[in-house]
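As given in TrEMBL:
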- Cys139, Asp141, His198, Cys201: Zn(2+) binding site (BINDING)
- 8-22: compositional bias 'Low complexity' (COMPBIAS)
- 81-91: compositional bias 'Basic and acidic residues' (COMPBIAS)
- 1-35: region 'Disordered' (REGION)
- 62-91: region 'Disordered' (REGION)
Amino acid sequence: MAIPSPPFSLSKHSLSNSPSFHASNPSLDPSKASALGTQNVFGSKANLGGVEQTHLRLRNNLKTNSDLRLQASREPPGLTKELKSDKSERMERIEHGSDLFDEMKQRFLSFKKHKYMQNLELYEKLAKGQAPKFMVIACADSRVCPSSILGFQPGEAFVVRNVANMVPPYENGPSETNAGLEFAVNSLKVENILVIGHSQCGGIRALMSMHDDVETSSLIGSWVSVGMNARVRTKAATKLLNFDQQCKHCEKESVNCSLANLLTYPWVEEKVRNGELAIHGAYYDFVDCAFEKWTLDYKESNLKDKGGRVAVKDRAFWF
């Protein structure tokens, strides 16, 4: 005896009211059973149509979401547009630099036409050699160009620029500054060395911000520590002043320390002692466009003792 299987449905909405299909009924016609099974499993035509509509709605929702995503990618917010545009323009300028170099090209062509060609005899002479009267040691700051400030013409000044216009002492060993110094004094036979400090010097601010007896791992810190004596003297002399005023004081004091360091080079000291070389200090205030100049007084300077100070003469102010 065949035991009828319990009725079942696959969908709460589409199959709950459908007639049951008894898989073990031997009297059921196979073809009808197939048709009936299909109807019972998948539901009536009306219910099947509901499923198809549901599928259609899902497809439409997916399409709508895709369209929204596509629209979002095509029309980003204004801020995103601006950021992407700025970034693209900045990258283009960095890669090509066309505007900057076009301007530089025009400046060069103007120099060639109005200066080089009109002073051809001078430049032909300079092509054979140089004999500058000055060596200038100035800061690398873009606002402090000795040739622009003091009007040096080609061939008049041998210039070395570094952070905070410092001269390391002889015992510190080789550097680009003392290499230039050796060439200028011993080969070019310059008659004057001019060390120029300036207002709002970032290197001096870094020096004044350092802690006492603390070694720094940065390249800038290691370099400006050359002026530590200037920092110590400034701290002692300006206890009641604010930080900006202390930095301005140190900007000048560091120049005098560099003048003293110049005399640690035997061949510099010898020429100064013999009157063949003069050492000068200067300070350029680009806030007020003022220039101060002084000359080291070798005979009156006390540099034998550690921490000895330089004496100066012929101080002048140019406004």
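Cβ coordinates come from backbone N, Cα and C, glycine included.
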Give me the count of other Cβ atoms within 10 A of the Cβ belonging to His198 (Zn(2+) binding site). 24
Counting only residues outside Cys139, Asp141, His198, Cys201 in the same chain, those with C-beta within 8 angstroms of the Zn(2+) site's C-beta centroid are Ala138, Ala140, Arg143, Val144, Ala164, Asn165, Gly197, Ser199, Gln200, Gly202, Gly203, Ile204, Glu251, Tyr284
I'd like the Cβ neighbour count for Cys201 (Zn(2+) binding site), meaning other Cβ atoms within 10 Å of its Cβ, all protein chains included. 24
